[in-house]
């Protein structure tokens with residue numbers, strides 16, 4: 001069991017480096033304040049998570065450990081947004097689409113609310 005944590009941590013380190021590299025590469029071509037690098041990372045991560053999940057489910061015979069390494073470790077560190085969208089997609093795919101919509105609404109509204117609360121609290125301190 002302990003080796004699983006080491007592999008997830010290693011995959012997470014690789015995902016973090018990939019995120020930093022891609023976001024920085026994209027952002028260097030952008031002169032505005034809009035975070036295009038993060039946008040590209042998040043959308044790329046969502047695409048990759050869906051693509052790999054589908055291949056793992058239907059085309060490639062990979063172990064649970066490999067799935068965890070790639071989807072939880074690498075993709076989780078590359079962008080947690082991809083994990084959120086993947087989980088929402090799994091809900092919709094399993095015919096729990098109401099929960100998928102609720103997840104979308106809650107994650108976005110509560111996430112933004114928490115961000116704003118953090119900003120307000122940070123300004124008060």
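Cβ atoms are placed via backbone N, Cα and C, with glycine included.
Taken verbatim from Swiss-Prot:
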- 5-25: transmembrane segment (TRANSMEM)
- 33-53: transmembrane segment (TRANSMEM)
- 69-89: transmembrane segment (TRANSMEM)
- 76, 79: Na(+) binding site (BINDING)
- 101-121: transmembrane segment (TRANSMEM)
With Cβ-Cβ distance below 8 Å and at least 6 positions apart along the chain, what are the contacts of residue 79 (Na(+) binding site)? List them in sequence order. 19, 41, 42, 44, 45, 46
In chain order, residues whose C-beta lies under 8 angstroms from the C-beta of residue 76 (Na(+) binding site), counting only those at least six residues away in the same chain, are 12, 15, 82, 83
Cβ-Cβ under 8 Å with the transmembrane segment (69-89): same-chain residues at least 6 beyond its ends: 7-16, 18-19, 41-42, 44-46, 48-50, 52-53, 56, 100, 103-104, 107
Mapped onto three states, the DSSP assignment of residue 79 (Na(+) binding site) reads coil
